[in-house]
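Chemist: Starting off with a structure, shown below.
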Amino acid sequence: MTAVETVLGSITPNLLGRTLTHEHVALDFEHFYRPPPADFESELKAKISMSTLGYVRLYPYSSKENVRFYDEEALEAAKKDVLLYKKHGGGSIVENSSYGLKRNLEFIVELAKSTGVHFIAGTGHYIHAVQDASHASLTVEQMSDLYTKDILTGIEIKGKMVKCGFIGEVASVYPIHEFEKNSIKATGEIQEVLGCGVSFHPHRDAQAPFDIMRLYLEAGGRAQKCVMSHLDRTLFKIEELVELSELGCYLQYDLFGTECSYYQLNTNVDMISDGQRIENLMKLIEEGLLDRLLMSHDIHTKHRLTSYGGHGYHHIHTNILPRMFARGVTLEQVEQMTVTNPANWLSFDP
């Protein structure tokens with residue numbers, strides 16, 4: 001019988017409820033720090049406060065405090081927001097911190113116990129540049145063994161084995177580094193054997209998602225169990241999204257709440273707004289792709305938590321869904337994207 005593997009054990013898919021499919025509650029994002037503009041250097045070096053928050057929102061990766069999403073203040077703020085998410089109807093969170101991002105599995109388990117929200121943890125590797133020597137030298141076979149162990153046996157946390165419930169986020173740059181090609185291949189091989197869900201983080205080049213899918217499918221991975229993340233900053237034309245969907249993967253809009261058009265990690269494009277995200281999802285529904293759509297926030301910096309003036313994990317539930325209903329999206333369609341699709345993606349029978 002198929003089930004979903006949470007950090008507290010297996011559950012039936014119908015218990016997930018509304019699910020955020022791409023979030024982080026603790027990770028190290030300091031690799032992506034960018035030096036601040038000279039005009040705002042002092043403001044972005046200062047502690048995040050009401051007087052500096054405007055600068056941090058414009059240049060989120062130029063505040064070292066902001067990208068340290070792992071200290072005690074961040075963990076306390078994340079827990080507060082998970083409780084708010086629960087209060088506003090949230091059921092489950094898929095935590096996408098993989099090897100290289102310093103995933104805090106002990107904290108994830110504690111959150112699941114203390115908040116009542118189901119957490120699904122991921123295995124897999126982030127980009128080569130953030131790996132330590134012990135992981136950077138892994139072969140495809142060694143990666144496959146590691147992912148299998150994390151899913152079937154688990155990782156020991158305080159004397160108990162905690163199992164991962166999917167492979168992700170599996171990240172790559174562009175052109176794809178050889179290490180990252182190996183991690184994609186290992187992901188495809190293990191997905192074919194175990195039947196688990198997987199989630200990919202593509203680079204910001206429009207060709208990246210297609211190259212990832214080619215490597216994954218060639219390795220034996222099943223397209224229907226694969227999520228392509230961050231499409232709201234990667235593919236901007238509906239035609240491109242439809243073309244990607246023809247490969248069979250889920251299309252994930254996971255930057256809801258990011259409303260700053262200036263995108264520090266790719267200054268050649270403008271980040272779309274929540275309004276545009278809603279519009280694009282509605283167009284994709286019209287294209288007959290309702291059963292391939294997922295929504296999330298990808299919170300990975302402090303300024304997006306409510307304690308730091310942000311929107312929190314409940315933003316989609318409290319702000320986005322009412323806007324979608326007002327524009328004609330039905331409850332049945334919302335349930336498909338936020339309940340049914342996540343459950344179908346995450347459920348497997350190893």
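A Cβ is built for glycine as well, from the same backbone N, Cα and C atoms used for every other residue.
Relevant sequence annotations retrieved from Swiss-Prot are reproduced here:
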type	residues	note
BINDING	H22, H24, E169, D298	divalent metal cation 1 binding site
BINDING	E169, H201, H230	divalent metal cation 2 binding site
Chemist: Specify all same-chain residues, apart from the site residues E169, H201, H230, whose Cβ lies within 8 angstroms of the center of the Cβ atoms of the divalent metal cation 2 site, ordered by sequence.
Modeler: H22, N96, G168, V170, A171, S199, F200, P202, S229, D254, D298
Chemist: List the same-chain residues at least 6 positions away in sequence whose Cβ sits under 8 Å from the Cβ of H201 (divalent metal cation 2 binding site), in sequence order, or say none.
Modeler: N96, Y126, G168, E169, V170, A171, S172, S229, H230
Chemist: Among the binding-site residues H22, H24, H230, point out the residue whose Cβ has the most other Cβ atoms within 10 Å, with all shown protein chains included in the count.
Modeler: H22
Chemist: Other residues with Cβ within 8 Å of the Cβ centroid of H22, H24, E169, D298 at the divalent metal cation 1 site?
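Modeler: Near the divalent metal cation 1 site, the remaining chain residues are E23, V94, N96, S97, S199, H201, S229, D254, S296, I299, H300.
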Chemist: Enter the number of other CB atoms within 10 angstroms of the CB of E169 (divalent metal cation 1 binding site).
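Modeler: Total other Cβ atoms inside 10 Å, all chains included: 27.
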Chemist: Near the Cβ of D298 (divalent metal cation 1 binding site), how many other Cβ atoms are there if near means within 10 Å?
Modeler: 25
